[in-house]
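Feature list (source: Swiss-Prot):
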- E136: active site, proton donor (ACT_SITE)
- C19, C106, C205: [4Fe-4S] cluster binding site (BINDING)
- H48, H84, H134, S233, S234, N235, S278: isopentenyl diphosphate binding site (BINDING)
- H48, H84, H134, S233, S234, N235, S278: dimethylallyl diphosphate binding site (BINDING)
- H48, H84, H134, T175, S233, S234, N235, S278: (2E)-4-hydroxy-3-methylbut-2-enyl diphosphate binding site (BINDING)
Amino acid sequence: MTQQRPPLEIRLCGPRGFCAGVDRAIQIVVLALKKYGAPVYVRHEIVHNRYVVEGLQARGAIFVEELDEIPAAHRNQPVVFSAHGVPKSVPADAEAKNLFYLDATCPLVSKVHKQAMRHQRLGRHVILIGHSGHPEVIGTMGQLPDGAVTLIETVEDAHTCHFDDEDNLGFVTQTTLSVDDTAGIIKELQARFPNLAAPAAESICYATTNRQDAVRAAAPGCDLFLIVGAPNSSNSKRLVEVAEKAGARMSMLVQRAEDIEWEQIGDISVVGLSAGASAPEIIVDEIIDAFKARFDVKIELAETTVETENFLVNREIRDVELTVKDMAFVNGEHRVVGISKLMQGK
């Protein structure tokens, strides 16, 4: 006699997973491999997700941390800069080495770079709200001369920082931060420095905000909230924090279904599920299947908005057709519409 499986409601958040910037970055590597052949070099992880990196490695991408790691014999092969952005010194170094590069920096990160440079042009010292050591922060700070940017990570930092000219300050933020935590830091800075100039547009990206809003709406009443993402993914870790603050009894970050500690979970009847902006939909499917093997699952879509954004790839590779099959290693059978939209605006 087959044992009856306990009932389980999965609140599947929407939006979740890949944002337009991550989609674009992965597509740039895939299209470069199709056009130029392997190897294609990628400086730093193209996005912070092990599954994506390994999938691209299997297709011929080689990941390096510095351009000096590219062998002289392969200097005619393209190198792709990651979605997080790079300091100005990196493309300058590539040009000095006569390397052909494709910049996969997310357009919204590039917007933050421009905001920081605008502050400086107007004579302001730049305050960057972000996490020390994150590639995006390194890239943003590297747009300006040494000493032109001060990094603020916490409300305490905002409370204790000092500047020579407190009347000429401007701030920008890392795109993947918690909206709530950032608001507290900005409030403290504005209280101390009334003339603090804000960026012309919001720095935190739409996808970060949308994913946090969806998790915040779904979390109340959840016994467990799972976020699919990598330990070094800033936006994924923020989603775990949002779920806890919004009322989930327990929340955790997992990279694959095999990471779920079933014994630790205990008795559950409602599970929230979302994915960071660099986590592929195929892993979400994998986790749902793992629950279906143990529970009688009912899926409820917890959708707060629908995203329609798409970013064009670099002009040099727009002549290459991108197919559903090309992206199946991360998308499975999902999100095929974005591929047809990608080639618009050649």
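Including glycine, each Cβ sits where the backbone N, Cα and C put it.
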| How many neighbouring Cβ atoms, not counting its own, are there within 10 Å of the Cβ of H48 (isopentenyl diphosphate binding site)? | 27
| query | Within 10 angstroms of the C-beta of E136 (active site, proton donor), what count of other C-beta atoms is obtained when all protein chains are considered? | reply | 25
| remark: Within 10 angstroms of the C-beta of H134 (isopentenyl diphosphate binding site), the count of other C-beta atoms across all shown chains comes to 18
| said: Taking only same-chain residues 6+ apart in sequence, whose CB is under 8 Å from that of T175 ((2E)-4-hydroxy-3-methylbut-2-enyl diphosphate binding site), what do you get? | reply: C106, L108, V109, V112, E136, S203, I204, C205, T208
| task | Please work out which residue of C19, C106, C205 has the most C-beta neighbours within 10 angstroms of its C-beta, and give that one of the binding-site residues. | result | C19
| message | Can you tell me the CA-to-CA distance separating S278 (isopentenyl diphosphate binding site) and C19 ([4Fe-4S] cluster binding site), as a whole number of Å? | response | 7
| message | On a C-alpha basis, identify the one among H134, S233, N235 that is nearest to C19 ([4Fe-4S] cluster binding site); the candidates are the binding-site residues. | response | N235
| In sequence order, which residues at least six apart in the same chain have a CB under 8 Å from the CB of H84 (isopentenyl diphosphate binding site)? | H44, T105, C106, V109, H134, P135, E136, G139
| Spatial neighbours, same chain, of S234 (isopentenyl diphosphate binding site) - Cβ under 8 Å, 6+ residues apart | H48, H131, H134, E136, Q174, T176, L177
